[in-house]
Amino acid sequence: MAGAIIENMSTKKLCIVGGILLVFQIIAFLVGGLIAPGPTTAVSYLSVKCVDARKNHHKTKWLMPWGPNQCDKIRDIEEAIPREIEANDIVFSVHIPLPSMEMSPWFQFMLFILQLDIAFKLNNQIRENAEVSMDVSLAYRDDAFAEWTEMAHERVPRKLKCTFTSPKTPEHEGRYYECDVLPFMEIGSVAHKFYLLNIRLPVNEKKKINVGIGEIKDIRLVGIHQNGGFTKVWFAMKTFLTPSIFIIMVWYWRRITMMSRPPVLLEKVIFALGISMTFINIPVEWFSIGFDWTWMLLFGDIRQGIFYAMLLSFWIIFCGEHMMDQHERNHIAGYWKQVGPIAVGSFCLFIFDMCERGVQLTNPFYSIWTTDVGTELAMAFIIVAGICLCLYFLFLCFMVFQVFRNISGKQSSLPAMSKVRRLHYEGLIFRFKFLMLITLACAAMTVIFFIVSQVTEGHWKWGGVTVQVNSAFFTGIYGMWNLYVFALMFLYAPSHKNYGEDQSNVKIPLGVFTVPVENGSMQLLKQWTSTTPAASTAGLVDKNLDFIPWSSCGTLEETMWPCP
């Protein structure tokens, strides 16, 4: 029975494979840094104050800030007083995008934050825990001269968090409060060319609606959408990587099914990791170019969550299956303590995402952070998920420490082995440590590039070359984890090679490790198990004599079964 490819591959070939993967990794970073533009673009919009003096404000009419059918406008709120315009008649109108531009499905999503310009007035100050209530209507059209079609109409409450740094005296009237930006709207697709927002601030003193919110002078919006050029590069990467991972996954499982034994736990987990990577790679986003699929952001979050849960589970099981002195192996039930926090944390984040982006499928203005109950609920989910993540990493660090300690202990018995066996185990231990270091390097690169992308201005300039750091982060890290999964399925697939003539063709699988059995040892093992019933009942050797844990070798030293 053959071992894994990583056990039989020479150091030279392993270096060649590593070099090829490194080249692809560099290409992944360069594609984002040199070819793709920045991932997103932010556009500022200043609302236009329109006048709607009709008694019924919500029938058929949409107020345009500019163009041939533009509304009746006022420059500022003071102009409304001599014209006897009431606050309920003022509509803040925003056209998306700016004049002479069009939106595109390649933009993928639209995210808007809101900034209120509120002036200080002695007789109209912002009260504590003030809340502004907006009546917002959203419409779209695909032709500059077509009628607007309503997309959403909601009452949108937002809590104000404003401070006034100057003394509240008459001479400081007219100065602006410093207010936090507010989440406003998120749409998971950009299926239309033009959008129109009409925002009203209805005042009702009896119901205390929009009372004690100060004097709102202007409403500013900042719209963020994905760049079309980056979307094309991203789709191209997904289209290229999907068949690559799928082919190696099919090849990997075919090698396993050709074995005479059933797959072991680690092989199943690696295959599941390949499935989750393929699931996240499938470029279903291509369909969003022709269809109005607003659920794509939520679907993307779910795919990423499944992959990260599988990746974290793999690391735990990978370490556990390499613990040479652990008796409960090759069973997922033996890892419930370590995998449990992953499941709980993933479930909490899923519920949080459904409460946020799930509701936004029907109400694009909804935000779980706008109410006290929603904020407490969101924080509870995030805190529980954070605690689970901390527990997971404590378990993982402890298991990694145990594996390296056990390996160091076993290395003391290497000099007593035959040369071929010693070289085999020395290479095996080296490659395990090498893969562990590669895993840590991938995790470290993810954290480092994330920090760099946050603290830099988004791009670097070297001479005449501009490097988009944020784009390089997305494409590079995405390509890195694909190469990581590819390498796992390639290196841990069963090998077709056998060991030398001084060893028997029988090998006993130990997860990813295999113990070569010397000539004559099998007969002695049969005699030992026949006279030692506890060996079978304890699970040390099964009835077909094809599995023995590494930890049991010490009991067989006197019967020519030396510990590796």
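Using the three backbone atoms N, Cα and C, a Cβ is placed for every residue, glycine included.
Taken straight from TrEMBL:
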DOMAIN    48-226  domain 'Wntless GOLD'
DOMAIN    227-496  domain 'Wntless-like transmembrane'
TRANSMEM  233-253  transmembrane segment
TRANSMEM  265-284  transmembrane segment
TRANSMEM  296-318  transmembrane segment
TRANSMEM  339-359  transmembrane segment
TRANSMEM  379-407  transmembrane segment
TRANSMEM  428-452  transmembrane segment
TRANSMEM  472-493  transmembrane segment
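The stretch from 233-253, 265-284, 296-318, 379-407, 428-452 with the most CB pairs below 8 A to the transmembrane segment (472-493) is 233-253. Within the chain, the transmembrane segment (233-253) has long-range Cβ neighbours (under 8 A, six or more residues past its boundaries) at 28, 31-32, 35-36, 270-271, 274-275, 277-278, 281-283, 285-286, 471, 474-475, 478-479, 482, 485-486, 489-490, 493. Sequence-distant contacts of the transmembrane segment (296-318), counting only residues of its own chain at least 6 positions beyond either end whose CB sits under 8 Å from a CB of the stretch, comprise 108-109, 186, 188-189, 265-266, 269-270, 272-273, 276-277, 279-280, 284-285, 288, 332, 335, 338-339, 342-343, 346, 349-350, 353-354, 357-358, 361, 392, 395-396, 399, 439, 481.
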